[in-house]
Amino acid sequence: MEEWTLLFVLILSFAAAVIMSPLFIPFLRKLKFGQSIREEGPKSHQKKSGTPTMGGIVIVLSIFISALAIGIAITGFTPELLLLMVVTLGYGIVGFVDDYLKVVRKHNLGLTSKQKLAGQLVIAAIFYIGLLAIGFDTFIAIPGTTFGFDLGWLYLILIVLMLLGASNAVNLTDGLDGLLAGTGSIAFGAFAILAWSGGFIDTALFSTAITGALLGFLVFNAHPAKVFMGDTGSLALGGAIAAIAILTKMELMLIIVGGVFVIETLSVIIQVASFKLTGKRVFRMSPLHHHYELVGWSEWRVVVTFWLVGMIFAIMGVYIGVWLT
């Protein structure tokens, strides 16, 4: 498979997002699908209230346009490609329902945590059944080494934890203009390189499609954002990156490449644990990006800094996965 196919998929998904976004944004405004802003959030965010949300639909559509091109013209519809499409669409649907309820209720509360968890578990179960059907092994490799271990039936628990953890971690990161679109494109770009070097061609192409879709969406999501991706986009991306890590047998690499998402999640865990145990908060606000806003950083400065940190994690992951393995 020639490298030009990666460029073709990248350009196709980027173009799809760039073309569809300006058509979709007025449609969202007409339907009054505006974002509700939490009252307890940073005061500077109140002016964003009403900004069109559910832009993740554009991201998912752009990914699927490219995925269809991959399936029809490049690799065929392999089981791995179909599983990636199912997980991305499934988590995107859960996010869509959540976003829709928020818009209809005019409040930043959509699905309950139990309802969202149930939806995520159903998709995880479907994914696991799909893995069993293709004879997927349960061996875990330690990045950068020749060591590993077989989890056996415990692999099911790992899959559930990865899909739930990644989807929620990515969702937490979507709090500033361009933050998730930028860090996400970096992480998926890294996985595209890792998958390609490991011979997982269809997964590499799918990762590239997501990278292109996010870069195209970033044109309209960068500060000041004209549209937000909402849970439709963030949950789809979280599910996708976990599925990619699993299918490429780079489960532990997700912690490195997705380092920004891990840090954001840890900041929330630390904040909640500290407040419950001591009654004091470690950060001004969590997730971490809000803390930096409240200490005086501009939104754009926070976003660019997180992009740079994401690049460092991505470079580390590619170095370990390609050159040390």
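Count begins at 1; order follows the chain as displayed.
Note that Cβ sites are derived from N, Cα and C of the backbone, with glycine treated the same way.
Annotated features in Swiss-Prot:
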TRANSMEM  7-27  transmembrane segment
TRANSMEM  57-77  transmembrane segment
TRANSMEM  81-101  transmembrane segment
TRANSMEM  122-142  transmembrane segment
TRANSMEM  146-166  transmembrane segment
TRANSMEM  186-206  transmembrane segment
TRANSMEM  227-247  transmembrane segment
TRANSMEM  252-272  transmembrane segment
TRANSMEM  302-322  transmembrane segment
Query = Are the transmembrane segment (7-27) and the transmembrane segment (81-101) near each other by the rule of at least 3 C-beta pairs under 8 angstroms (pairs 6 or more apart)?
reply = no
Message = So if I exclude everything within five residues of the ends of the transmembrane segment (57-77), which remaining residues of that chain have a CB under 8 angstroms from its CBs? That is, six or more out.
response = 1, 5, 9, 12-14, 16-17, 20-21, 24, 84-85, 88-89, 92, 96, 201-202, 205-206, 208-210, 212-214, 216-217, 227, 229, 232-233, 236-237, 240
Message = Please identify the stretch among 7-27, 146-166, 227-247, 252-272 with the greatest number of Cβ pairs below 8 Å relative to the transmembrane segment (186-206).
response = 227-247
Task = Name the range, of those listed as 7-27, 252-272, 302-322, that has the largest tally of Cβ pairs under 8 Å with the transmembrane segment (122-142).
result = 252-272
Key: Same-chain residue ranges lying at least 6 outside the transmembrane segment (7-27) that approach it to Cβ under 8 Å   = 52, 55, 57-59, 61-63, 65-66, 69-70, 74, 205, 208-217, 219-220, 226-227
